[in-house]
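Trainee: Got a structure here, written out as structure tokens. Questions coming.
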Amino acid sequence: MGNCGRKVLRALSFLLLLGSSSAQGTWEAMLPARLAEKSRAEEVAATGSRQPHADRCPPPPRTLPPGACQATRCQADSECPRHRRCCYNGCAYACLEAVPPPPVLDWLVQPKPRWLGGNGWLLDGPEEVLQAETCSTTEDGAEPLLCPSGYECHILQPGDEAQGIPNHGQCVKQRRQAEGRVLRQRLHKEYPEGDSKNVAEPGKGQQRHFP
């Protein structure tokens, strides 16, 4: 029994030693592959921030431009001059002229929702701004800086009347619902009360015609 037990222990020890060496060999065989995979991941992470920005690239051409495949290739925007981006030219990535970013819409006046009946609401779009047109409603002895017809002065800085600083703003297009009121005010200025020329207002009795 003693000899039999020693043989069994030797056999178990041999099997354990064999399994240990086999596992070590397997790990050593897998180690280069793992290191290579880690190296590729680090390379991708390092170059990820230098990838071309597609939002600044022109759309790819439908037909291949001449010399597109012979152009100097790039892999990142940092390889291109200041006003160029690494973009696809139909054949390869090359330094192309950057596309300007889309314009930003400035909401000068917050639109007010209009009730359409029931649960329906209509939200107006932004007011149209007259390009580079400033205005003021302060009357300091001279004519105020008014807006053209169909526009109203949206005050951006109130100014200070005590110090003689007039307010100023930008001309924005008047809302549709205010057009009738503006027209009546304009006609009232042109034909004040007591003048023979007047116009009829809705619901204000009979209409008086111009002579």
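FYI, residue positions are counted from 1 along the chain as it appears here.
Placed from the backbone N, Cα and C atoms, the Cβ positions cover glycine too.
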Trainee: Scan CYS86, CYS87 and flag the one Swiss-Prot records as disulfide-linked to CYS74.
Mentor: CYS86
Trainee: Between CYS69, CYS80, CYS87, which residue forms the disulfide that Swiss-Prot gives for CYS57?
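Mentor: That record, Swiss-Prot, gives the partner as CYS87.
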Trainee: Tell me which of CYS91, CYS95 Swiss-Prot records as disulfide-bonded to CYS69.
Mentor: CYS91
Trainee: Note down the number of other Cβ atoms within 10 Å of the Cβ of CYS57 (disulfide bond), including every protein chain shown.
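Mentor: That number is 19.
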Trainee: Using CB atoms and a 10 A radius, I'd like the single residue among the disulfide-bonded residues CYS69, CYS74, CYS86, CYS91, CYS95 with the highest neighbour count.
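Mentor: Max Cβ neighbours within 10 Å, all protein chains included: CYS86.
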Trainee: Sort out the sequence-distant neighbours of CYS80 (disulfide bond) for me: same chain, 6+ apart, CB within less than 8 Å of its CB, listed by position.
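Mentor: Within the chain, CYS80 (disulfide bond) has Cβ neighbours under 8 Å at CYS74, CYS86, CYS95.
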Trainee: Just give the helix, strand and coil counts over the domain 'WAP' (50-99), going by DSSP.
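Mentor: Tallying H, G and I as helix, E and B as strand, the rest coil: 6 helix, 11 strand, 33 coil.
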Trainee: When you measure from the Cβ of CYS87 (disulfide bond), how many other Cβ atoms are you left with inside 10 Å?
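Mentor: That number is 23.
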